[in-house]
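Trainee: Have a look at the structure that comes next, please.
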Ligand SMILES: NC(=O)c1ccc[n+]([C@@H]2O[C@H](COP(=O)([O-])OP(=O)(O)OC[C@H]3O[C@@H](n4cnc5c(N)ncnc54)[C@H](O)[C@@H]3O)[C@@H](O)[C@H]2O)c1
Ligand SMILES: O=P(O)(O)OC[C@H](O)CO
């Protein structure tokens, strides 16, 4: 059994703490927010974010990071993307050689456009940094609903250690060396989920959502390939798997924010109504900049950015997407299709 420190006591940090404690690991959850620590210790339940789910006895909750991290083998970073660098700077003060870091946040650093594991690696270059991602809403994981994820790591041995630690009869974990692909899929699907929510808010139908999801993963894969990830990762759990759950579930904070925006709320009103982090908002901005940097066409992400930050009418954004220049379905993989029939040779 492992000793594990979870850094961040939001819905995801708390749900993972519950999952790991139920498997018999000894878990400490740390939060920077004193009132959150007090609430968790007093009620043994995250009354705001996971109501009705009791913390097992082998979870300790603290606001003392040094105490929380001492003698642990694994440190799980579960804070929203905008707090990752500063939190990593705090963690760095107490990190010990050999402690494995698992990033479970999904986003990009807006200023640098780095993925979050890259940010953590910059701060703690001497510790193995891994990522755990996939279709996994906290509300379901905390209730032992069967869930699958993938862990990405540079070393197979480290990946397998994290796989063994998290695996349970309700949580199945796969391994992969494609850390960057896993992180890009997990971050960028949140922007597409905002679009899917906006479509639902506009009372469009299943056809529209399927179109956004399919063309969305095409955009994500294009950027991912340009950034050195494997195409296969985007067809996996952290790619299309997470895209499906986030675009279709009422648990999704991104989809819920999108529904509100599509029904006429402002961005600020939508964010404050959802109450938990809506990662797709910051990621939309970063993704749009990455698309420009790598010269990749990402029309859905571009339109979502315009709706969020330039007050563009969502209906107009949809019309602009529908009336883009006509094109082939997989024009970037034309060579593969030429093996079936080469139209140019007709
Ligand atoms: N909730 C999910 O189902 C889920 C699933 C997979 C991944 N994630 C990812 O995990 C990350 C956290 O999501 P969440 O849903 O737990 O968010 P949340 O909004 O529920 O929690 C935010 C938590 O961050 C901590 N925090 C707040 N301010 C802080 C600060 N200044 N510095 C450090 N920590 C601070 C607090 O513990 C707070 O409860 C996000 O990147 C999200 O995309 C969430
Ligand atoms: O609730 P969301 O939209 O932040 O998504 C949470 C997770 O990423 C789902 O896997």
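Glycine too: its Cβ is placed from the backbone N, Cα and C atoms.
The shown structure was predicted, so the numbers you read here are calculated from the model rather than taken from an experiment.
Relevant sequence annotations retrieved from TrEMBL are reproduced here:
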- 4-158: domain 'Glycerol-3-phosphate dehydrogenase NAD-dependent N-terminal' (DOMAIN)
- 8, 9, 10, 11, 12, 13, 83, 138, 253: NAD(+) binding site (BINDING)
- 11, 12, 106, 138, 253, 277, 279: NADPH binding site (BINDING)
- 106, 253, 254: substrate binding site (BINDING)
- 106, 134, 136, 189, 242, 252, 253, 254: sn-glycerol 3-phosphate binding site (BINDING)
- 178-319: domain 'Glycerol-3-phosphate dehydrogenase NAD-dependent C-terminal' (DOMAIN)
- 189: active site, proton acceptor (ACT_SITE)
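Burial and contacts for the listed features, if you can.
Mentor: If you draw a 10 Å sphere around the CB of residue 11 (NADPH binding site), it holds 22 other CB atoms from the protein chains shown.
In this structure, residue 12 (NAD(+) binding site) is part of a helix by DSSP.
Note on residue 253 (NAD(+) binding site): other Cβ atoms within 10 Å of its Cβ, all shown chains, come to 24. The DSSP secondary structure for residue 253 (NAD(+) binding site) is helix.
When other Cβ atoms within 10 Å of the Cβ of residue 189 (sn-glycerol 3-phosphate binding site) are tallied across all protein chains shown, the result is 34.
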Trainee: From the binding-site residues listed here (8, 189, 254), select those whose CB sits under 6 A from an atom of ligand 2.
Mentor: 254
Trainee: Around ligand 1, within a Cβ distance of under 6 Å, which of the binding-site residues 12, 134, 253 show up?
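Mentor: So the answer is 12.
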Trainee: On a C-alpha basis, identify the one among 8, 11, 12, 279 that is nearest to residue 134 (sn-glycerol 3-phosphate binding site); the candidates are the binding-site residues.
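Mentor: With Cα distances computed to residue 134 (sn-glycerol 3-phosphate binding site), the winner among 8, 11, 12, 279 is 12.
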Trainee: Enumerate the residues of the same chain, 11, 12, 106, 138, 253, 277, 279 excluded, that satisfy the criterion Cβ within 8 A of the mean position of the Cβ atoms of the recorded NADPH site; list them in sequence order.
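Mentor: Other same-chain residues with Cβ inside the cutoff are 10, 80, 105, 276.
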Trainee: Tell me, how many other CB atoms lie within 10 A of the CB of residue 12 (NAD(+) binding site), whichever protein chain they belong to?
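Mentor: Neighbour count, Cβ to Cβ under the 10 Å cut-off: 26.
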Trainee: Which one is it, among the binding-site residues 11, 106, 136, 138, 279, that lies nearest to residue 253 (NAD(+) binding site) by Cα separation?
Mentor: 279
